[in-house]
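Taken verbatim from TrEMBL:
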DOMAIN    A:22-154  domain 'HTH marR-type'
There are 2 protein chains.
Amino acid sequence: MSRADAVDVPDDGARRTPDRLRRRASRLLSQLTMRSDRLVNEGLARVDARKWHYAVLASLQEHGPGSQAELSRRSGIYRSDMVGVLNELAERDLVERGPDPEDRRRNVITISDRGRRRLRRLDKVLDDLHDELLAPLSPAERDQFVQLTTRLLDHHTRTS
Amino acid sequence: MSRADAVDVPDDGARRTPDRLRRRASRLLSQLTMRSDRLVNEGLARVDARKWHYAVLASLQEHGPGSQAELSRRSGIYRSDMVGVLNELAERDLVERGPDPEDRRRNVITISDRGRRRLRRLDKVLDDLHDELLAPLSPAERDQFVQLTTRLLDHHTRTS
DNA sequence: CCGTTGCGTTAGTCCGACTAACGGGATACG
DNA sequence: CGTATCCCGTTAGTCGGACTAACGCAACGG
């Protein structure tokens, strides 16, 4: 099948992580995600961005302006943390925060031209980073991988 | 402007995460891992365990006794955090901490009989949890998934 | 008019990964 | 022999991300 889960395997140099541990999907996932997160965070930090920036900008570009709460829902960022993110984006003039004429208790967030340019740049950066992340896989395998994880994630979000 | 005048896209309910975001492998990974971690942590908590317990016990069972630093290396737990984990394990009489006769500055950790029984139990628990985690995938797909993530992880640990 | 609901915000918890520093014991080397 | 260096166990503390609690305020709905 996979490897030698036979009895008498002399794994001298391999004397590392126990197999039962290494094989567990949950561990593979968290280890890999740690690497992936680091890769992405560092990559984005190099261009003075954070993944939240991308998430919010993408959401604005794709679904148009929205209130903070709505952006929060669309991007998966907690509304508690949204404030800070929007501050960072506003500082950089990537986004404009204005009061909603129709509902004075909320702000409407709009993407700016700079924001749109920024988003294009970040998309490029992320493409490169993902190329690095998925380097060992062939195009077909990358698709497979994305497909499988998508299915898993979907299942667990619906069954939440 | 508000919402209802969407032109041609019938994504009423689907008005959610932007696509470019949703299909990024990095995002899929961190989202999925969050779910997976929660699942596993909660599952283990229900039997008064944590994943570190499993990691250490498995390492002891598979590679025999060792110093704290060595266990740290084998299991990937930071040596700073090892103390706490071993305290928890020792409290429950799953391991024994004794001074190394050959090197008085270090402790030798040994798994106890209770520990061995415990490990078997945890293995069962984890099997069930992984069944839940990978539920939507066929056996073949599960293998595929494990294979792909393993390759990715290996690549990124070697290239670290 | 009042209760409920949603929004923006602040503060703070919890947890995991990771760093810094330290004393003491072990080893290597001059 | 002494000393420099390394390793080990330990404590304390940082950092970032997810998440909760609570509040004030505005709006909507009966």
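Backbone N, Cα and C atoms are what each Cβ position is placed from, and that goes for glycine too.
DSSP places the residues of the domain 'HTH marR-type' (A:22-154) in helix, strand and coil in these numbers: 94 helix, 11 strand, 28 coil.
Confidence for the domain 'HTH marR-type' (A:22-154), expressed as mean pLDDT, is 94.
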